[in-house]
Amino acid sequence: MSEDLYEDDQDSQVSSGSRHPMAERFRGYLPVVVDVETGGFNSATDALLEIAAVTIGMDEKGFLFPEHTYFYRVEPFEGANIEAAALEFTGIKLDHPLRMAVSEESALTDIFRGVRKALKANGCKRAILVGHNSSFDLGFLNAAVARNDIKRNPFHPFSSFDTATLAGLAYGQTVLARACQSADIDFDGREAHSARYDTEKTAELFCGIVNRWKEMGGWRDFND
């Protein structure tokens, strides 16, 4: 499926006359930062264990900022594979009494509800996933959507913004912790590999790169 064909199918969601600054900035797409923690690398077979999403806002001067965070610990789907090495890497304890995990469907339904609210507020037609090595997060998101037969997915199915690539361009760093350090963003390695922490830091990094580009004259909004 070509991107143009996909976008044509979505055009009816937003008036062609919409001039909201966020919609203008990203061609009708709203950046939403997503991070997942999983039981392995295979989105079809391995468990989704945590998911977090941060919606992005824009101030009156056209600068981006992290707006609202959604975070869920997720129950592994029936028959899901969970590698011991993955649990050791993330530090997730599935039997922790305070884990309070919810189903994939419940987590995605609530996140998608919040994303659709943000889409409406910003005059955007579709969310675009922002992630650090974004294809990984998008793959697990799409797999969970398909597994739960969720019909209304606000995210573009294959396009994304990858902060590993953007940080490589802006700072010469592709590892999240090092990119944040180069961008003067505090990063605590002890908190890393929590979906919530990584998502919030990725959101700061993304906003910082986009805002820095604007300050350098690389983006002029329609009021300039």
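Note: Cβ is positioned from N, Cα and C throughout, glycine not excepted.
Features reported for this protein in Swiss-Prot:
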type	residues	note
REGION	1-20	region 'Disordered'
COMPBIAS	1-11	compositional bias 'Acidic residues'
DOMAIN	32-206	domain 'Exonuclease'
BINDING	Asp35	Mg(2+) 1 binding site
BINDING	Asp35, Glu37, His193, Asp198	Mg(2+) 2 binding site
SITE	Phe41	site 'Important for substrate binding and specificity'
SITE	Phe89	site 'Important for substrate binding and specificity'
SITE	Phe136	site 'Important for substrate binding and specificity'
SITE	Phe158	site 'Important for substrate binding and specificity'
ACT_SITE	His193	active site, proton donor/acceptor
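Within 10 Å of Asp198 (Mg(2+) 2 binding site), judged by CA to CA distance, lies none of the recorded sites Phe41, Phe89, Phe136, Phe158. Across the fold, the C-alpha of His193 (Mg(2+) 2 binding site) and the C-alpha of Phe41 (site 'Important for substrate binding and specificity') stand 14 Å from each other. Within 10 Å of Phe136 (site 'Important for substrate binding and specificity'), as judged by C-alpha distances, the recorded positions found are Asp35, Phe41; the full candidate list was Asp35, Phe41, Phe89, Phe158. The candidate set comprises the recorded sites Phe41, Phe89, Phe136, Phe158. Of these, Phe136 has the most other Cβ atoms within 10 Å.
Contacts of Asp35 (Mg(2+) 1 binding site) defined by a Cβ separation under 8 A and a same-chain sequence distance of 6+ are given as Ile51, Ala52, Gly131, His132, Asp137, Ala195, Arg196, Asp198, Thr199, Thr202, in order along the sequence. In sequence order, Leu49, Glu50, Ile51, Thr90, Ile92, His193, Ser194, Ala195 are the residues near Glu37 (Mg(2+) 2 binding site), counting only same-chain partners six or more apart with C-beta under 8 A. The Cβ of His193 (Mg(2+) 2 binding site) has 17 neighbouring Cβ atoms from other residues within 10 Å, across all protein chains displayed. For the recorded site, Asp35 (Mg(2+) 1 binding site), the DSSP three-state label reads strand.
Counting every protein chain shown, the Cβ of Asp198 (Mg(2+) 2 binding site) has 25 other Cβ atoms within 10 Å. Take the mean position of the Cβ atoms of Asp35, Glu37, His193, Asp198, the recorded Mg(2+) 2 site; other residues of that chain with a Cβ within 8 Å of it are Val36, Glu50, Ala52, Thr90, Ala192, Ser194, Ala195, Arg196, Tyr197, Thr199. Taking the C-alpha positions, the distance from Phe41 (site 'Important for substrate binding and specificity') to Phe158 (site 'Important for substrate binding and specificity') comes to 18 Å.
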